[in-house]
Amino acid sequence: MDTKHFLPLDFSTQVNSSSLNSPTGRGSMAVPSLHPSLGPGIGSPLGSPGQLHSPISTLSSPINGMGPPFSVISSPMGPHSMSVPTTPTLGFGTGSPQLNSPMNPVSSTEDIKPPLGLNGVLKVPAHPSGNMASFTKHICAICGDRSSGKHYGVYSCEGCKGFFKRTVRKDLTYTCRDNKDCLIDKRQRNRCQYCRYQKCLAMGMKREAVQEERQRGKDRNENEVESTSSANEDMPVEKILEAELAVEPKTETYVEANMGLNPSSPNDPVTNICQAADKQLFTLVEWAKRIPHFSELPLDDQVILLRAGWNELLIASFSHRSIAVKDGILLATGLHVHRNSAHSAGVGAIFDRVLTELVSKMRDMQMDKTELGCLRAIVLFNPDSKGLSNPAEVEALREKVYASLEAYCKHKYPEQPGRFAKLLLRLPALRSIGLKCLEHLFFFKLIGDTPIDTFLMEMLEAPHQAT
């Protein structure tokens, strides 16, 4: 059934208006589909919400599943493996004058020196003993310090690794003041750079490995810059932030007053919340039209998406607006609802969930307006909304928001590699709370105790009639 016929005239007119069409980007970006596990139970709130044993179970549109957003999370700790050879070599065999003790092949790492002239590199036996192989993995083949792993083909410490890398990258040339046979050990490795570098080569460090590493890093950085730039051009976070700022009431219009104490407002906090929601539904349409590419969708699809996500979109807004409020929420009308008022009105449980699962988490991570706008855009572009003419197009727009948000987090908060995932983890709570709020609203509508204005009533009634 065509859901737009259930919208009031104002709603359809606002959605159809072209005066506020958002600027659009061009081109598209394919977001890699990675699927790191975020632990059991994380994805379930965003999957199928299940059957609600309440009157709200008949509301199909607002409670469609969002689909898991985690498929695009690139875990910073993805699977890596390191191949460790079972027969490492020191680079000098038993024929070396430095390893000629019959009692102990390596009596002291300080005795290891490069051979005179360094014209040839002698090899250790092809199959050293197990103890010897284990030992060489834990010491630096150049200076005898603790090895941090295999670098450029040789087990070495961070100091010798860095020295060799700098020498190769800067193409440095050294000279020896003695006879080119200086002792290179942990204490004296910095005394002669020439002999240290020659020993790196003698032990098997490869210059080409440094150059390949540098090229790989350069290619990776160029790809990241290109990817970030492409994502932001397609779904610019600046436009999403502009949409948030355009519809958010100015701070000075807020009135710091409890619901029950404000003589100009009803004593019932539920009534005030419903009235505030009704007013915000008008601005919600204006906000959506400012989100890039939303106005390019078919009009029917725009209506479907707004109907499916209006409750979560409004909850996200007033939750973020309430970050500075203690034990309460701040409505767009400027009214402050304290948790005591909510408990006295019988909605304390859901109110406490808003405070602990949304407001508190947003406050702790200091979620900014751009991040809030991106999360709301993710909610808006819900490809699982019933009745969409082209769900794939909506899903592509959602993935563009994911990409832009991830790029924004990496750029703005480089010291917080897990911030993008932490933001997405607020969506399950938002979905669950949104469903519970719909149950409450539908119950209030049925019993008729709470005045529900026309726009909000239309949102509640239309999906019910369409099912």
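For all residues, glycine too, the Cβ spot is worked out from N, Cα and C.
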With Swiss-Prot as the source, identify the stretch among 143-163, 248-268, 353-373 annotated region 'Required for nuclear export'. 353-373
Swiss-Prot tags one of 140-160, 413-433, 434-454 as zinc finger - which one? 140-160
From the set Ser22, Ser48, which residue is assigned the annotation phosphoserine by Swiss-Prot? Ser22
Averaged pLDDT, computed only over the residues in the zinc finger (140-160): 90
Within 10 Å of its Cβ, which one of these binding-site residues (Cys176, Cys182, Cys192, Cys195) has the largest number of other Cβ atoms? Cys195
Secondary structure of Cys182 (Zn(2+) 2 binding site) (DSSP, helix/strand/coil): coil
Across the zinc finger (140-160), DSSP yields 3 helix, 5 strand, 13 coil
DSSP tally for the zinc finger (176-200), helix/strand/coil in that order, comes to 8 helix, 0 strand, 17 coil
